[in-house]
Amino acid sequence: MSSLLIDNIGELVTNVAGTGEGGKLGIRRDAAILVEEDRVAWLGPARYAPAAARRIDADGAAVLPGFVDSHAHLVFAGDRAAEFAARMAGQPYTGGGIRTTVAATRAASDDTLRGTVRRLRAEALRQGTTTIEVKSGYGLNVADEARSLRIATEVTGETTFLGAHVVPTEYADRPDDYVGLVCGPMLHAAAPYAKWIDVFCERGAFDADHARAILTCGQAAGLGVRLHANQLGPGPGVQLAVELGAASADHCTHLDDADVDALAGSATVATLLPGAEFSTRSPYPDARRLLDARVTVALATDCNPGSSYTSSMPFCVALAVREMGMTPAEAVWAATAGGARALRRDDVGVLAPGARADLMILDAPSHLHLAYRPGVPLIRQVLHNGVPR
Ligand SMILES: [Zn+2]
């Protein structure tokens, strides 16, 4: 059996609450971690470390669970840099640019889409992301939604059918018919490649009745539920997510007290996507309010070509701390263990015996540096499935 010992770890973030310093982060000092195959086999004080076939000297650095990016749209063609520039010159974001990407995606070859997905997956891995969720949503017809998901399965098991991203142009005057297509032939073609189903529940996209119909069909087909909710304005999305037992309500930028209460009393994670507010120059969600109400919060990138073209979880951590009222510890937890909760996973986002050996070694002595040194490439090395990358 191949074994690998990482020792001389100055700060080991385990996310096992109550086992060390830092509350939920479960920080251990002067630690070592033993990896066998793709799993964590042991961790503890460096002086008790068992022997192993190979060794990595962390040289006093911090070691953390790999980031769990629970919200990304990687299957697309084209870019929308000009739209970004126009927004920065004062035009508002409406979500309408999604249709531009749909046209480019439909016209692209499999290899073009596959190249983009792999490039972005590799880019995220270099920045510490060991688990990533990938949505469809730029095909919006039966063949292109199924194709998008099939390509997504080549890089992740966390795939999400988002046929209800927007109503495509050809259905603009008959949205009920499009909902019927999504619930019927499109879901049938997509489900073999999807673990989750998602809807963009927003003014200009899908209302609560349409979203409920689509998500209920997805549940009946065996898919887990997640939802784009309350991004551009107040709305019914968060309440619907809680009603349907969704794993996650994503964005949560515009919440009223009833929304916060509903989340607090549920198993639905609030996934915050500050890259979207950054890239659309919009007000950030109030993470402090959610945390104070004991809502479980995750951070994710929303990586997509329109409203958040970043794959960087460290960037999202820095934004969450600077702009959303989170402490560095809360943001790091939300970007690792929080993301795992949003995907209903207990084998990632945590370092403990039996967990997946997905971790990162920083070029820094502490997790604090992820927010303290924004924009700096601090990920020295990543282990994914126990393999150094
Ligand atoms: Zn999204």
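Backbone N, Cα and C atoms are what each Cβ position is placed from, and that goes for glycine too.
No curator has checked TrEMBL annotations; they are predicted automatically.
Among Y138, Y171, only Y138 appears in TrEMBL as part of the N-formimidoyl-L-glutamate site alongside N304, G306. Residues H71, H73, H228 are recorded by TrEMBL as Zn(2+) binders, and the candidate that the same record lists for that site, out of D302, D346, D347, is D302. The 4-imidazolone-5-propanoate site recorded in TrEMBL includes R80, Y138, Q231, S307, and the single candidate from H165, H210 that the record places there is H165. Checking the binding-site residues R80, Y138, H165, G306, S307 for a CB within less than 6 Å of any atom of ligand 1 leaves no residue at all. Neighbours of S307 (4-imidazolone-5-propanoate binding site), defined as other CB atoms within 10 A of its CB across all chains, total 26.
Counting other Cβ atoms within 10 Å of each Cβ, the binding-site residues H71, H73, R80, H165 show the lowest value at R80. The full span of the recorded N-formimidoyl-L-glutamate binding residues, Y138, N304, G306, taken as their largest Cα to Cα distance, is 11 Å.
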